[in-house]
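See structure below.
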């Protein structure tokens, strides 16, 4: 005798016995085993969160490049009006460098806040609430010239960095939790695709024919409020992460509503069963701190994997690449006025490579994309060094250097640009995921700042040989992923955790008797919730 589930309006789930014919029973079994299709709701949430949050990270990385001369001139004229004298070259460079680098400092601060925010406000709630930072930053930078205040530009960049630090971790976390396992890779790479689109948008809008003129630079810096406004108007209408609602908030009714919203044909039984299995494997339903994450022997290899791939993503040399880009293009014979259009072409390559990664990750898996991407980047970094050394004697090597630039960009955007954020979500269960994103995001921003600070000195001392350092980093990360990180394609969070459990000396099931643990019963073979499905240990009840 099988049972059907009735969802009552107050949010309680009751059960009643009703015979089900064999054809209906067989249909339910087939439905649970079939892959979940991409729904319009899933696609809309992925695009909204990435468009209004992730894209701003890419936009703000590139937005200060085009108007650099005008921003410096504004700083100098402001100094003249305040002090009667202009800034010398060293002071002007320092102020502009601060304008650029303060974005990374804000990003580090934002990444440290992720664990606290997602626990208090939820995944979607954090994305929505953090939009206020974008409006503050946009207002500061947009009105900075009218107010004659360089400090408004610098502080606006800092606030923008805080928002990017939050969104870089929260958006992949949110999409990873709402996505079915067979679409988690595709949806997980959507944010990285929009980061590339943000860089490309800044390159296009920064052309002299559009917003690249002196009078337009405040508008250019503050234009980011438009995507965020669209996100703020539409995203609140979509549900919160079902995993957050069930495992952390214990709201069964809201969980079922969210799953029905995101899934076709209301195929939610198997997913609720999988969430129950994950919940039972947790030692606590409370979110662990970063310190507890570091000390937890059950996740030692997962944490090491997150550390390596997030540091490797920034130390791969992708940001430092732009130091040589204009010189490489100039040496290849491209006229100076056309170099800006060539740079836009590299932005288009980023988007194409990102699309390739999005549409192949569910077929190829995570490992081939990230290993292949780092290998391509490593060999191309070595190629840049070789071509820069030999182009004095072999003129055709200047074209090889251009090809290596394209190869590094394509290799990065296909895998290393987005897969580390996706893997961070997949390697950890619900209780450890926020702390893991805090660790990964913090190391990402620290590495970003380190490369920006150290690279000029490395270039001065090593010259064109500096790219051999990045080559070694890329090859080392590729080797680590090959030997340590298993393939996570089409696997549940519990299955992934069990793959790592074999590396640990401590059994994964340790701690299941925690007195505060929430128990969810499976009353039949379909993972449906029944009467009194939320059950607590009597020992944990408060007298």
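Please read every residue number as a count from 1 along the shown chain.
The backbone N, Cα and C atoms fix where each Cβ goes, glycine too.
Values in this document were obtained by computation on a predicted structure and should not be read as measured data.
Looking at 435-458, 507-530, the stretch flagged in TrEMBL as transmembrane segment turns out to be 435-458. Cross-referencing 60-82, 152-174, 244-266 with TrEMBL places the feature transmembrane segment at 152-174. Just going by CB pairs under 8 A, the stretch in 38-59, 186-205, 339-361, 396-423 that sits most against the transmembrane segment (368-390) is 396-423.
When Cβ-Cβ distances below 8 Å are used as the criterion, the transmembrane segment (217-238) is approached by residues 41, 44-45, 48-49, 51-53, 55-56, 59-60, 63-64, 66-67, 70-71, 74, 124, 127-128, 131, 134-135, 137-139, 141-146, 153, 156, 160, 205-206, 211, 261 of the same chain, each at least six residues removed from its ends. Long-range contacts of the transmembrane segment (396-423) within the same chain: residues 168-169, 172, 176, 184-185, 188-189, 191-193, 195-196, 305-306, 309-310, 312-313, 316-318, 321, 324-325, 328-329, 331-333, 346, 349-354, 356-357, 361, 366, 369-377, 379-381, 383-384, 386-388, 390, 440, 444, 477, 485, 488, each at least 6 residues beyond the stretch ends and with a Cβ under 8 Å from a Cβ of the stretch.
Annotation: stretch 38-59 has the most Cβ pairs under 8 Å to the transmembrane segment (127-146), among 38-59, 186-205, 301-324, 435-458.
Panel annotation: around the transmembrane segment (464-485), residues 301, 304-305, 308-309, 312, 315-317, 320, 366-367, 370-371, 374-375, 377-379, 381-382, 384-385, 388-389, 416, 423, 455, 458 of the same chain, lying at least six beyond its termini, place a Cβ under 8 Å from a Cβ of the stretch. This prediction places the mean pLDDT of the domain 'Major facilitator superfamily (MFS) profile' (46-489) at 87.
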